[in-house]
Amino acid sequence: MMVTSNRGRWVALALLLTAVFMDMVDNQIVNIALPSIQRDLQAPSWALQWMVTGYTLAFALTLITGGRLGDRFGHRTLFVLGTAGFAAASLAAGAAPGVAVLLVARVVQGVFAGLMVPQVLSFIRTEFTGADQGKAMGFYGMTFPIGGLAGPLLGGVLTQADLFGWHWRAIFFVNVPIAVAAAFGAALAMPARRPQARGGADLIGVLLLAAALLAVLYPLVQGRQSGWPGWAFLLMVAAIPMLGLFAARQRARQRRGQLPLIPLSLLRGRAMRYAIPIMLIFYCGLAAFFVLTLYLQGGLGYSPLKTALAMLPATVGIVAGNGIGMPMAPRLGRGLPMFGLILLLAGTALLAAAVLRYGSELTPWQLALPVLLYGAGLGLGASSLMLIALGEAATSDAGAASGLLNTVVQLGMAAGPATVGTVFFDRLAVDGDFVVATRNSLFAGFGLFAVALLACLLLPRQSQPAATDTNTGAAVREIPG
């Protein structure tokens with residue numbers, strides 16, 4: 001079922017992407033303001049860390065539940081609720097009189113962001129088809145790097161400008177009018193669809209899934225900084241039986257005709273089944289690129305601004321890759337993420353060669369081509385993998401699929417620093433050689449991308465979206481590959 005006005009759905013998408021942009025900026029902008037927050041509130045180091053970690057965990061733990069609630073109560077309802085809640089939490093964070101209130105506000109921000117963000121992919125899945133769906137996914141893919149680049153820049157500007165004497169508080173207050181405008185605009189522009197998923201909430205399932213995800217994410221986020229203690233591995237092992245119990249409960253609910261949190265039928269389709277591990281490997285490998293920023297700042301003494309400018313070609317590549325490639329996604333199928341991964345392999349190899357050849361003499365100009373290729377590959381690979389997996393979900397399960405895929409992204413991004421980052425820091429601890437440590441990390445990223453490229457052969461050449469309600473079972477149709 002489509003929005004009656006073609007222009008209206010693009011306006012609605014723009015409003016939804018504004019909220020995604022705001023979430024990305026907020027996630028990045030806080031890092032810049034942490035020193036100011038520490039001075040003003042006399043915040044201890046552990047509190048500063050949890051201002052970032054608390055948001056990340058709350059966001060990741062809410063995504064699947066937020067997506068499924070969108071299926072149950074309507075994606076417009078959940079988006080407006082999430083955006084309005086994000087605005088209120090931002091206001092509370094900006095007005096926080098002390099560390100405790102600020103920490104709670106950051107966690108609440110993460111929860112409402114987890115309700116808000118999955119509705120965007122759900123909207124793309126349910127309201128666009130064919131080339132328009134590829135184009136919409138391309139815009140979605142562009143939003144993240146632009147937000148990631150804008151975050152540090154806006155953080156520096158707002159903190160230094162000291163608008164109205166707010167200083168660091170301005171980074172939270174700026175969210176309020178944007179979020180309120182997005183909520184009101186979405187309430188008017190998004191279609192009022194009748195919820196397609198029926199059934200009561202699975203509170204036990206929510207708790208089981210949250211506990212399992214927390215048991216995986218918390219060690220990944222904190223483990224390396226704590227020296228990988230035994231409890232980190234025990235927690236991750238404990239997640240296995242919790243996930244088993246969760247899967248058994250979802251299967252039982254589906255047999256009884258009750259609404260499962262994650263329809264297990266989602267995982268029966270070939271595209272979704274293989275796209276999930278490929279995405280985990282893909283996002284884990286991306287940590288090598290962020291290690292490069294550590295090399296530029298720690299090894300070469302680049303300022304944050306100079307580092308951001310050196311990484312600018314990646315943003316250009318991501319925008320170009322999404323803008324040119326994604327409208328062709330329905331025709332190219334698995335060929336598009338494979339081409340994106342080939343570009344990533346080329347960019348990673350050229351980055352390693354540049355680091356080894358130029359060492360301490362490395363300049364942003366020498367990084368421009370490999371960083372551009374890396375960005376183009378990232379843009380094509382990330383968006384096309386998401387689109388291939390999402391295409392198999394029935395519209396009644398679009399929110400559950402969106403939440404699941406966004407959670408996979410968060411898991412991959414948490415696993416990256418825990419694996420590729422460990423390669424970097426362990427080698428750096430030996431003799432402080434940034435060049436060798438960076439080279440090893442880039443090699444690790446190259447290996448992960450190579451595995452992901454080969455795994456893409458398991459995806460169907462093309463897949464057609466499921467057309468039936470999957471509360472009782474999905475009808476997934478594939479063209480064999």
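Glycine residues also receive a Cβ, built from the backbone N, Cα and C atoms like all the rest.
Summarising the annotation, TrEMBL assigns domain 'Major facilitator superfamily (MFS) profile' to 12-464.
With a cut-off of 8 Å between Cβ atoms, the residues of this chain six or more beyond the transmembrane segment (46-66) that come close are 27, 30-31, 34, 37-38, 78, 82, 99, 102-103, 106-111, 113-119, 206, 209-210, 213-214, 217-218, 221-222, 261-262, 399-400, 403-404, 406-407, 410-411, 414. Residues or ranges marked as transmembrane segment by TrEMBL: 46-66 (among others).
Annotation source TrEMBL lists transmembrane segment at 78-97 (among others).
For 103-124 (among others), the entry in TrEMBL reads transmembrane segment.
Annotation source TrEMBL lists transmembrane segment at 136-158 (among others).
Note on the transmembrane segment (170-189): residues 8, 11-12, 15-16, 18-19, 22, 26, 29-30, 32-33, 76, 79-80, 83-84, 86-87, 90-91, 93-94, 105, 154-155, 158-159, 161-164 of its chain, located 6 or more positions outside it, place their CB under 8 angstroms from a CB of the stretch. The feature transmembrane segment is assigned by TrEMBL to 170-189 (among others).
Remote same-chain residues near the transmembrane segment (201-221) are listed as 53, 56-57, 60-61, 64-65, 69, 72, 231-233, 235-236, 238-239, 242-243, 245-246, 249-250, 253, 258-262, 407, 410-411, 414-415, 417-418 (criterion: CB distance under 8 Å, separation of at least six residues from the stretch ends). What TrEMBL records for 201-221 (among others) is transmembrane segment.
A Cβ distance under 8 Å defines the sequence-distant neighbours of the transmembrane segment (227-248), meaning residues of its chain 6+ beyond its ends; these are 205, 208-209, 211-213, 215-216, 218-220, 264. Among the features that TrEMBL reports, transmembrane segment is placed at 227-248 (among others).
Per TrEMBL, the feature transmembrane segment maps to 308-326 (among others).
Tertiary neighbourhood of the transmembrane segment (338-359): same-chain residues 282, 285, 288, 292, 295, 321, 325, 332, 366-367, 369-382, 384, 435, 438-439, 442-443, 445-446, 449-450, 452-453, 456, selected by CB-CB distance under 8 Å and a gap of 6+ residues from either end. If you look up TrEMBL, you'll see 338-359 (among others) marked as transmembrane segment.
Nonlocal intrachain contacts for the transmembrane segment (371-391), taken as residues 6+ away from its ends with a CB within less than 8 angstroms of a stretch CB, comprise 121, 124-125, 133-134, 137-138, 140-142, 145, 271-272, 275-276, 278-279, 282-283, 286, 289, 310-311, 313-322, 325-326, 329, 332-334, 336-337, 339-348, 350-351, 398, 401-402, 405, 452, 459, 463-465. What TrEMBL lists as transmembrane segment is 371-391 (among others).
Positions annotated as transmembrane segment by TrEMBL: 403-425 (among others).
Summarising the annotation, TrEMBL assigns transmembrane segment to 437-459 (among others).
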